[in-house]
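A.B. asks: Handing you a structure now.
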Amino acid sequence: MKIAIGNDHAATDYKNEIVKFLEKEGHEVINLGTDSHESVDYPVFAKKVCNVVVEKEADFGILLCGTGIGVSIAANKVEGIRAALLYNEYSARLTKQHNNANVIAFGARVMGIDLILSCIKAYMESEYEGGRHQRRIDMLESCGC
Ligand code: RB5
C-alpha cells in the first residue's frame, strides 16, 4: 500500500518507528514531516497528508501529534477526509469497517508505540463493509461536514 504520514514535533520519534515498520512490511511511505523536534504547527502537517489522500496519491494517511486531537480536528476540516483518532485495536478495525476512515490519528504522548503499530496493522487488515454504513458516510458528505 501507499501511505502518507505526517506529525508535529511531539511525535517525530514515533513517526520514524512507524515508517520503519511499514517499509519493512513492504509498503511505500510518503513522509511529509516534520522530521525535527523543533516546535511546529500541527495543522500544517495534517493538511499536507490530507491533500495527498484527497488527491488519491496515497491509499490512506497517518497523523500524529502529542494527543492526536489537534491533527484529528485539523484533518476533519478537509473536505473528503474522515479522520479517526484511535486508541485500541477494536477502534482501528471498526473505523475501517464502518466509517471507512481514510486518515488515522494517534497521540504520541498518550500511547505506546507497540499499541500504535498494532492499531495500524488492525486497520490495514480490515475491510470497509459498505451497506448501511455508506448511507451514513453519504450523510456526512452531504451535510458539508
Ligand atoms: C504540542 O505541544 C501539542 O499541543 C500537540 O502535539 C497536540 O497534542 C495538539 O493537539
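Using the three backbone atoms N, Cα and C, a Cβ is placed for every residue, glycine included.
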A.B. asks: With D8, H9, G66, T67, G68, I69, G70, R109, R132, R136 listed by TrEMBL as D-ribulose 5-phosphate-binding, which of these, N51, N99, N102, is given for the same site?
C.D. replies: N99
A.B. asks: Quick check: in three-state DSSP terms, what is C65 (active site, proton acceptor)?
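C.D. replies: It is in a strand.
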A.B. asks: How far apart, in angstrom, are the most distant Cα atoms among the D-ribulose 5-phosphate-binding residues D8, H9, G66, T67, G68, I69, G70, N99, R109, R132, R136?
C.D. replies: 39
A.B. asks: According to DSSP, which of helix, strand or coil covers R136 (D-ribulose 5-phosphate binding site)?
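C.D. replies: The residue in question, R136 (D-ribulose 5-phosphate binding site), is helix (DSSP, three-state).
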A.B. asks: So which of the recorded positions D8, C65, G68, R136 sit close to ligand 1, that is, with a CB under 6 Å from an atom of it?
C.D. replies: D8, C65
A.B. asks: Let me know how many other Cβ atoms fall within 10 Å of the Cβ of C65 (active site, proton acceptor).
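C.D. replies: Within a 10 Å radius of the Cβ of C65 (active site, proton acceptor) lie 27 other Cβ atoms.
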